[in-house]
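Trainee: According to Swiss-Prot, the record shows the following:
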{"type": "SIGNAL", "residues": "1-18", "note": "signal peptide"}
{"type": "DISULFID", "residues": "81-96", "note": "disulfide bond"}
{"type": "DISULFID", "residues": "88-101", "note": "disulfide bond"}
{"type": "DISULFID", "residues": "95-116", "note": "disulfide bond"}
């Protein structure tokens, strides 16, 4: 019981006294905000000029960056395709590069489907 009374007294004293630095921090932030914007907000013309300058700088930086091309190309991948000995539909182009959708061979007869195979050189 004595312990609970002690904690309650501590809680009440902490809430009453509070954080004295909190008011000082608020005042400091208000002063900084006033110093930053003491000239008032920018006019629309100034904002547009500033935006144009930023866009020009941005475009110059991106043009000189050699990594943008390689980054875009590294994410490119071929469309999904069927590998060797995988079923396909007659006349479809779903087989990977270098493979053709050919008539079923021995085991393909059982499944009645075509398979992606390398073309026979002849």
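Just so it is clear, glycine is given a Cβ too, placed from its N, Cα and C backbone atoms.
So where do these features actually land, and what's packed around them?
Mentor: Within 10 Å of the C-beta atom of residue 81 (disulfide bond) sit 14 other C-beta atoms, taking all shown protein chains into account. Secondary structure at residue 81 (disulfide bond), taken from DSSP and collapsed to helix, strand or coil, is coil.
Counted within 10 Å of its Cβ, the other Cβ atoms near residue 88 (disulfide bond) come to 20, all protein chains included.
A strand conformation is recorded for residue 116 (disulfide bond) in the three-state DSSP classification.
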Trainee: Spatially, and counting Cα to Cα, which of the disulfide-bonded residues is closest to residue 81 (disulfide bond)? Options: 88, 95, 101.
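Mentor: Closest by Cα: 95.
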Trainee: 96, 101, 116: which of these disulfide-bonded residues has the sparsest Cβ neighbourhood within 10 Å?
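Mentor: Lowest Cβ count within 10 Å among the disulfide-bonded residues (96, 101, 116) is 96.
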Trainee: Counting across all protein chains shown, how many other Cβ atoms sit within 10 Å of the Cβ of residue 95 (disulfide bond)?
Mentor: 21
Trainee: Quick check for the class: what is the C-alpha distance, in angstrom and rounded, between residue 96 (disulfide bond) and residue 116 (disulfide bond)?
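Mentor: Answer for this pair: 8 Å between alpha carbons.
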